[in-house]
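Engineer: Below are the features I grabbed from TrEMBL:
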| type | residues | note |
| --- | --- | --- |
| DOMAIN | 1-116 | domain 'Sodium/calcium exchanger membrane region' |
| DOMAIN | 259-410 | domain 'Sodium/calcium exchanger membrane region' |
| TRANSMEM | 6-29 | transmembrane segment |
| TRANSMEM | 36-58 | transmembrane segment |
| TRANSMEM | 70-91 | transmembrane segment |
| TRANSMEM | 98-117 | transmembrane segment |
| TRANSMEM | 227-246 | transmembrane segment |
| TRANSMEM | 258-280 | transmembrane segment |
| TRANSMEM | 292-315 | transmembrane segment |
| TRANSMEM | 327-345 | transmembrane segment |
| TRANSMEM | 365-386 | transmembrane segment |
| TRANSMEM | 398-419 | transmembrane segment |
Amino acid sequence: MSNDVAGATFMAAATSAPELFVNVIGTFITEGDIGVGTIVGSAVFNILAVAACCGLGAGMSGVQVVPLDWWPLTRDCLAYGITVSILICIIHDERVEWYEALSLVLLYIVYILIMYFDKSIQRCARGGLRSAQKRRQSYQSSISKSRAHSLEAAEAQIPLKIEKEKQVCDGTHVNSDESGNCTQIGPGAVAQLNGTIKSSELPNVEESHDTSNQHSLWKWPSKQGKFTKFTWIITWPIYFVFLFTIPDCEKPRFKKWFPLTFMMCIIWIGSLSYVVAWMITIIGDTLKIPDSVMGITFLAAGTSVPEAVSSVIVAKQGHGSMGISNSIGSNTFDILLCLGLPWFIKATFMPTIPGKLWVGINSAGIEYSAISLLSTLLMLYIAFSLNKFKLDKRVGRACLLMYAAFLILASLIELNVFFRVNLPTCGR
């Protein structure tokens, strides 16, 4: 399995656990829009903010530009665009029927099958693109030949062929092409393959981690700053509980305990997601802020931290396509499974109104936010294509500005600034 497929499936499912638990809580317990609002908000966060973090953090590894392969990005954007379009059609009437929720779950199975046969589909796509390029080149060559016959006098004075010769620049071999550009082919060249920078060309990330910066439960950070000492005090109880409840698989004696580690992580994610969703619901109710606004802003950013951290880590290691596939693939997982499965169970077995097998959507503004997802997805793909599928700080800044614009627009819509989409909060 290639890195981009692993990022779009397994890595995406693992990092989307908070969204799944938040929507379970919003569907079965609070019966509000906090779940769907969180997933819509986290989807935009994953598309724009995670790409911004990867772009801005790319220079930290010593590589200013991380190359991306066009196929994984095109594949994931196309799959996610279809998914969002289906979601818009489902929530248009502000209710989700049981068969609509079931169709989302079945579509995720289809998505997994497509990922399983990704290599075959990729060969067909790349082969078709190469044949199209060859046809275009042959067409252009035929046009140039026809022009050449009509310009015989000019051709007698203009050389027909510019030699390609190897030059030596600063002790490193380069190839010079017709445009005069030099392409480095020496040992310092960074090899690019499938949106990945070879690890041999990257600085050693593991060696860059200083052991003094790692969190230690039993050692006071006396040589660190005040902020580090403050965070050490705040996070000490959390690390202490995790130390005795989650086995560390990196240690040789706990190497075979990985199933227990996985289960305990899921339990902790579910528990903390319940606490966070409950706190956000109470705060929003106290401040008379709709659940959808709290979900799109605070909960979306909070639950998307795993995607951001994991994507930045793999991007710093040179796997740019894996990081972007993780962020976009987790969005597909969020909509098809994190929304579809709880909705199907709620509508089929635990309907709010007996005999009515559907789940209601309280806010009409969620539909407008979902429509804006398509625009953000399109803008992301355009940004990468204009940058020749390279991830750098320029793309990162552009994605960050687009995310800020989405937050402002979505929040204003949910707060009934332009038109009424949320009923006013009942007074006490």
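Cβ coordinates are placed from backbone N, Cα and C, and glycine is handled just like the others.
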Engineer: Mind checking which residues reach the transmembrane segment (365-386)? Cβ under 8 Å, same chain, six or more beyond either end.
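Structural biologist: For the transmembrane segment (365-386), the far contacts come to 33, 36-37, 40-41, 43-44, 47-48, 51, 68, 73-74, 77, 80-81, 84-85, 87-88, 91-92, 292, 296, 395, 398-399, 402-403, 406, 409-410, 413-414, 421-422.
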Engineer: Could you check whether the transmembrane segment (398-419) and the transmembrane segment (258-280) come into contact, where contact means at least 3 Cβ pairs under 8 Å with the two residues of each pair 6 or more apart in sequence?
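Structural biologist: Output no: the transmembrane segment (398-419) is apart from the transmembrane segment (258-280).
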Engineer: Does the transmembrane segment (70-91) come near the transmembrane segment (327-345), with 3+ Cβ pairs under 8 Å (pairs 6 or more apart)?
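Structural biologist: Between the transmembrane segment (327-345) and the transmembrane segment (70-91), which are separate recorded stretches, there is contact, as judged by 3 or more close Cβ pairs.
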Engineer: Given the transmembrane segment (327-345), which of the listed stretches 36-58, 98-117, 258-280, 292-315 has the most Cβ pairs that are under 8 Å apart from it?
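Structural biologist: Stretch with the highest Cβ contact count: 98-117.
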Engineer: Checking distant contacts: for the transmembrane segment (98-117), what same-chain residues at least six beyond its ends satisfy Cβ-Cβ under 8 A?
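Structural biologist: Answer is 5, 8-9, 79, 83, 86-87, 90, 332-333, 335-337, 339-341, 343-344, 347-348, 357-359.
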Engineer: Going along the chain, which residues at least six beyond the ends of the transmembrane segment (227-246) come within the CB cut-off of under 8 Å?
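Structural biologist: Counting only partners 6 or more residues beyond its ends, the transmembrane segment (227-246) has Cβ contacts under 8 Å with 215, 217, 220-221, 261, 264-265, 268.
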